[in-house]
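Copied over from TrEMBL:
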DOMAIN    1-91  domain 'SRCR'
DISULFID  C16-C80  disulfide bond
DISULFID  C29-C90  disulfide bond
DISULFID  C60-C70  disulfide bond
DOMAIN    123-167  domain 'SRCR'
Amino acid sequence: EGRVEVYHGGQWGTVCDDQWDDADAEVVCRQLGLGGVAKAWSQAYFGEGSGPVLLDEVRCTGNELSIEQCPKSPWREHNCGHKEDAGVSCTPLTGTPVINHHRKKQDKGRVHSSAKNFSNGALRLAGGKGSHEGRLEVYHAGQWGTVCDDGWTELNTQVVCWQLGFK
């Protein structure tokens with residue numbers, strides 16, 4: 001979590017909070033490779049920045065891969081001061097686990113994880129050779145289940161990887 005700063009034209013600067021919402025935060029979290037719940041913060045919640053205000057009127061849909069793809073005012077065109085610096089928090093879903101693939105003989109077929117108290121929507125990979133691959137499972141209503149691949153696309157794979165903290 002923190003104040004959003006972008007690099008453009010050889011300089012770091014802030015983003016104005018006009019039109020800033022959770023869809024914009026979702027894109028920033030995705031661009032940073034952070035999954036979970038994205039929340040937008042306004043009015044310099046994380047403190048005022050310094051240097052130029054580089055972006056204003058950012059209006060992401062939430063599906064973009066980076067803030068550069070979002071509709072926005074031209075770079076450096078704004079009507080803001082640093083009291084309006086935008087921020088985000090990217091809160092991981094509780095219990096997105098690191099899977100322990102070293103199973104005991106008597107526990108064959110089970111997946112162990114060190115996390116407890118999973119939230120609905122938590123994701124994990126199971127049955128792969130390492131934590132970076134495997135069958136996608138989602139936690140819902142107190143249990144883990146698999147995800148059907150009907151209509152599955154490369155974009156779905158990218159989103160899951162980002163949610164799990166991979167790039």
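Keep in mind that glycine also has a Cβ here, set from the backbone N, Cα and C atoms.
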Query: In whole Å, how far is C60 (disulfide bond) from C16 (disulfide bond) when you measure between their Cα atoms?
result: 14
- request: Could you measure between C90 (disulfide bond) and C60 (disulfide bond) for me? Cα positions, answer in whole angstrom.
  value: 16
Statement: Here the disulfide-bonded residues are C29, C90; the one whose Cβ sees the most other Cβ atoms within 10 Å is C29
Statement: CA pair C80 (disulfide bond) / C60 (disulfide bond), Å rounded to integer, equals 19
- request: Could you tell me how many residues in the domain 'SRCR' (123-167) are helical, how many are strand and how many are coil under DSSP?
  value: 10 helix, 16 strand, 19 coil
Field: Euclidean distance between Cα atoms of C29 (disulfide bond) and C60 (disulfide bond), Å
entry: 12
Task: Tell me the residue counts in helix, strand and coil for the domain 'SRCR' (1-91), as DSSP assigns them.
output: 16 helix, 26 strand, 49 coil
Task: Could you tell me the mean pLDDT over the domain 'SRCR' (123-167), as a whole number?
output: 83
